[in-house]
Amino acid sequence: MNQGGLATTNGGSGSGSVGVRIQQSRRLPDFLQSVNLKYVKLGYHYLISNLLTLCFIPAIAALSIQVSQMNLDDLRQLWLHLQYNLVSIIICSAILVFGLTVYIMTRPRPVYLVDYSCYRPPDHLKAPYGRFLEHSRLTGDFDESSLEFQRKILERSGLGEETYVPKAMHSIPPTPSMAAAREEAEEVMFGALDTLFRNTNVSPKDIGILVVNCSLFNPTPSLSAMIVNKYKLRGNIRSFNLGGMGCSAGVIAVDLAKDLLQVHRNTYAVVVSTENITQNWYFGNNKSMLIPNCLFRVGGSAVLLSNKSNDRRRAKYKLIHVVRTHRGADNKAFRCVYQEQDDAGKTGVSLSKDLMAIAGGALKTNITTLGPLVLPISEQLLFFTTLVVKKLFNASVKPYIPDFKLAFDHFCIHAGGRAVIDELEKNLQLLPIHVEASRMTLHRFGNTSSSSIWYELAYIEAKGRIRNRNRIWQIAFGSGFKCNSAVWQALRNVKPSSNGPWEDCIDKYPVKISS
């Protein structure tokens with residue numbers, strides 16, 4: 001669990017000054033004030049790295065047009081000419097074969113998203129505000145100041161009355177044992193995987209790559225080994241277990257699976273993203289550690305990726321780009337989401353008062369790199385021109401913030417908290433409909449960590465909004481500090497799969513969330 005609601009405090013015992021500190025930390029930095037040129041260069045480096053492909057396509061198109069305009073006499077003259085220029089034919093053929101070979105060998109294999117599923121917990125795990133606060137009071141671990149602080153956070157959080165907490169937290173007193181944590185992990189992961197295998201008709205034995213990410217619960221044997229054991233996956237499966245990487249680890253897991261699919265042909269990869277609440281509930285009174293209790297809830301997702309060409313016909317999406325940004329070299333960024341013990345020796349995840357500013361810096365770096373890959377040429381020219389003018393002539397000129405609505409049709413912003421959604425909507429100049437999926441996911445399911453971007457995509461699908469060739473931007477933040485983006489393109493008009501998380505409640509949304 002990390003990155004709380006991105007509406008944070010630096011702790012302290014008194015509640016009187018807490019509200020001020022939270023308010024100071026709610027804002028992202030203004031993206032108009034500074035853009036680092038080196039990240040623009042990085043984005044253009046990605047663009048230039050595909051220059052060979054960009055050059056070959058127009059050349060082949062021009063040659064095809066020229067050949068299509070030739071008649072029989074032209075072809076006869078060409079043949080007579082070539083009969084007396086055998087050396088030229090051999091050289092041209094060699095160049096053509098070499099070029100095609102280089103293109104085929106260097107082009108990345110397409111990665112298709114066949115389908116995905118999101119776990120929906122049973123109704124008896126729901127945690128309405130009243131029950132949550134009453135249980136917090138009955139544990140006897142929280143003083144009055146902490147209870148009031150949690151009440152205020154819940155009221156401002158954007159969470160609804162139907163989010164879920166694990167079974168161990170419904171007991172009085174709570175029972176956060178290793179066995180209970182394993183039970184939660186099994187219910188979430190196996191629940192999502194059962195639905196995925198049922199919807200795709202893929203046998204678990206056909207899975208060649210397995211990537212599991214869970215930040216704070218990493219038992220032995222690992223979570224990935226638990227899945228291998230449950231579904232009797234094959235002995236040569238390439239399995240990976242990512243820990244401690246926070247809410248952005250879902251995109252990291254997809255990126256790892258993508259790289260593996262470039263190496264291993266004709267393969268399925270499964271990515272499982274979850275977070276474990278049971279053993280990571282904080283039972284102390286440090287307010288900077290109490291925010292995750294109020295925001296994080298049970299959830300998980302399972303994604304089936306494929307590099308098989310025949311899966312394109314049934315796949316929902318194609319992976320276009322993954323851009324990862326890591327600010328861990330900076331000490332403030334490294335420690336802004338930090339698992340530690342408080343003064344009483346109780347373990348929790350502490351959220352720094354600088355979290356919003358650090359998240360904004362990571363986001364700025366990420367989108368500056370992503371921009372040249374996805375934005376129309378017109379937007380890139382405006383952005384680059386104003387940036388050069390600012391650097392060389394007039395430092396007071398504000399950089400042009402590109403209109404990402406021209407690059408993407410749908411946005412899945414990690415539902416880490418209400419504050420970050422508000423600020424991204426403002427800074428990226430998005431419309432309310434663009435952040436609707438994030439707000440409604442936060443309201444219905446809470447912050448489910450790395451899986452939240454899949455609940456958001458499921459919401460957009462359930463609303464029937466995804467059309468063929470639509471582009472979707474998934475963006476997530478995580479401890480370390482990281483900001484990661486994944487860009488998908490719809491391969492058809494996408495309908496929601498059966499047993500989706502919104503299946504019986506989509507007609508109730510969107511709901512109005514009070515200020």
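Backbone N, Cα and C atoms are what each Cβ position is placed from, and that goes for glycine too.
What TrEMBL records for this protein:
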TRANSMEM  44-65  transmembrane segment
TRANSMEM  86-105  transmembrane segment
DOMAIN    103-392  domain 'FAE'
ACT_SITE  CYS247  active site
ACT_SITE  HIS326  active site
DOMAIN    409-489  domain 'Beta-ketoacyl-[acyl-carrier-protein] synthase III C-terminal'
ACT_SITE  HIS410  active site
ACT_SITE  HIS414  active site
ACT_SITE  HIS443  active site
ACT_SITE  ASN447  active site
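Taking DSSP states H, G and I as helix and E and B as strand, the domain 'Beta-ketoacyl-[acyl-carrier-protein] synthase III C-terminal' (409-489) has 37 helix, 21 strand, 23 coil.
Ranking the active-site residues HIS326, HIS410, HIS414, HIS443 by how many Cβ atoms sit within 10 Å of each one's Cβ puts HIS414 at the top.
There are 30 other CB atoms within 10 A of the CB of ASN447 (active site), with all protein chains counted. Taking the C-alpha positions, the distance from CYS247 (active site) to HIS414 (active site) comes to 8 Å. Rounded to a whole number, the C-alpha distance linking HIS443 (active site) with HIS414 (active site) is 13 angstrom. Cβ neighbour count for CYS247 (active site): 31 (other Cβ atoms within 10 Å of its Cβ, all protein chains included). Measuring Cα to Cα from ASN447 (active site), the active-site residues that fall within 10 Å are HIS414, out of HIS326, HIS410, HIS414. Separation of the C-alpha atoms of HIS326 (active site) and HIS414 (active site): 17 Å, rounded to the nearest whole number. Residues belonging to the domain 'FAE' (103-392) score a mean pLDDT of 94 in the model.
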